[in-house]
Amino acid sequence: MVDSQYYLPNDIGISALDCTEAFRLLSPREQIYAHYLSRSAWYGGLAVLLQTSPESASIYVLLQRLFRKQPPAQLGNVATAAGLSPEEYQAFLVYAAGLYANMGNYKSFGDTKFIPNLPKEKLKALVWQSQAFQDRPGEMEALWDSCSTLLFSLEDQQKQLGLGDKGITTYFSGNCCLEDAELAQRFLDSKNLSAYNTRLFKKKSEGKTCYEVRLASAVQKGESSCLDSVLYDFEDCVFTVSRGDYDHLMKKVSENLEKAKDHAANENQKRMLEEYSRSFTFGSVEAHKEGSRFWIKDKGPIVESYIGFIESYRDPFGSRGEFEGFVAVVNKAMSERFAKLVSSAEVLLPELPWPKDFEKDRFLLPDFTSLDVLTFAGSGIPAGINIPNYDDIRQSDGFKNVSLGNVLAVAYATQKDKLTFLDEDDKDVYIKWNGPSFEVQVGLHELLGHGSGKLFVQDEKGTFNFEQDNVRNPETGEKITTWYKGNETWDSKFSTISCSYEECRAECVGLYLCLNKHVLSIFGHEGEDAEEVVYVNWLNMVRAGLLGLEFYTSESKSWRQAHMQARFVILRVLLEAGEGLVTLKESTGKDGRPDALIKLDRSKIHTVGKGAIERFLCKLQVLKSTADVEGGRALYEGYSAVSDSGSHNFLCLRETVLQRKEARKMFVQANTRVKGDSVDLVEYEGSAAGLICSFTERFADDAEEVEAHLLEHAAVMPTPAPD
């Protein structure tokens, strides 16, 4: 029997993202603008297959060819003839839907591998009897041979994403380890190059260790070729910088951005798209940053979008961005509430528990809108976003906040019988108030969590952005002795812990400020209702901390998901606060299996709870501001530790969580299709079959061309070479 964490259950939740009304209300010009932006996002999103695992692209092409010839209902008849039971065929459909939804065969949330929940020989029989195989037997057999072993393999290293012997990654060649990643970061810093759109490949040549830094771009040569084809001697190794990673996909992205530009609403949008196109054409992060500046200036657009190599959660080193692109339409009613939160930001920021010297010199009022997603291409869809991630732009130009309303509406709806680790009374309160409380938490997390806090920097000219003689560390009372220098960034400095640490800081800001009555009133919550929102927000956080144990790998003692590690850390902090604030007990469920119960004393949230979060949040910010990596690691890794000693046996609780886990929902997204002078919205049912059909129709015009290039890139994916 395969461990259930490595396959997706047949009854996994799959929901259609509803954007019918939002799209209908767009003007024809806005619809065509949204269409071409969506095409850019979908083409770029295919790069995630190549960023995930060596086999993901081949599996994707195999599935596309099967379902393009025979949609799910028709292929079901073939499955029956091939000897598959209805349950086995449904398991195959769920696997295919999962690969499309995650853009690879590793879960986007948790980074564990998933395999089909049916015998390999049964799936092979289905492939061999399919129409796709009958039409092109040689190609289909070659495809099967190229991916079938890894498709089903659960060798220890292949169970999760990771660097070196800890897992699988395609951001680095298989012979790279943490020391290689650190060396490459020092090289990139020395050349003032960002790692966001790069991958690193290592080999030996004439007795020397050689590294290739490969930039994502449509062309092989940069605008300025000074970096191209040059050998750099660096710390007794040789580095080269090349371009052309994902070249065909980047060309498609740029072409559609150029088409969208013809329908842009204003000059900021045009300049933004020009710079994005230049970025993907030449592999220039600086161009993407310039485009992001115009994006920030484009206040309150009806059609909102962002695209690029954005989040670094899945790079084991924490510096390289996974491609994503979204297109969404403003939800005016919910956006009004977020606008009120933005206007209150300058009043709320001083409430945060660190001295004013540790806050930005001026808060740049951002856009904060609620959007209904039309397109979100990448490995998964979040509930909220705070971007761009470039530290220098966030400090000087600002940022935008986005809450994805139609995602929130379906992602966190929970049935009572599937709510684990809560007592019956808490379940009823949780179901009633989880949606409203999560909306508050997302708003605070994105705007005042990620949007707050200052980094102390000494630039290349030696100028400091803080007063060295006057600023004191509130934890020690001493002068500041560490800071960011030159090209150092938060990501490059704190590397492997940066993503989770920052998510933890933002989550703590949400917990802390949701206690503010003014904040609650902005979202329409007063009196007893407001207290229910606070209670469920804190209850949800401590429960999420327990659920987070699913995303911890005990063998490698590593975390696979930044947000869930952050929530576990917060659970540890609140348990440590004592005084009965949070209690966590192991038990036996009605089904006779191990269970657990977590309780929160609501009468102590404003006292014991607030005090604990206040102290911890201040520490997090001070360590971040001062670039104190050693102190930050000691604090964060200490609370992240999962052991069987101490007041709670978290290793044992992890097994309980795994036994009772619920699979994360998947989303079916619509397609857009130009028809004469108008754009049609093509929607699909919320099922595995609907999700599959949405993908086979998404690239109908040039599927063969795109798939050929994906296979070409997959074929040259570097594999471990002997040292």
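Each Cβ is built from the backbone N, Cα and C atoms, and glycine gets one as well.
Database features (TrEMBL):
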{"type": "BINDING", "residues": "His445, His450, Glu503", "note": "Zn(2+) binding site"}
{"type": "ACT_SITE", "residues": "Glu446", "note": "active site"}
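Ranking the recorded positions Glu446, Glu503 by C-beta neighbours within 10 Å puts Glu446 at the top. Remark: of the binding-site residues His445, His450, the most isolated position is His450 (fewest other Cβ atoms within 10 Å of its Cβ).
Other than the site residues His445, His450, Glu503, same-chain residues with C-beta atoms no more than 8 angstroms from the centre of those residues' C-beta atoms, the Zn(2+) site, are Asn386, Glu446, Gly449, Glu502, Arg505, Ala506, Glu507, Val509, Gly510.
Here the C-alpha separation of Glu503 (Zn(2+) binding site) and Glu446 (active site) works out to 10 Å.
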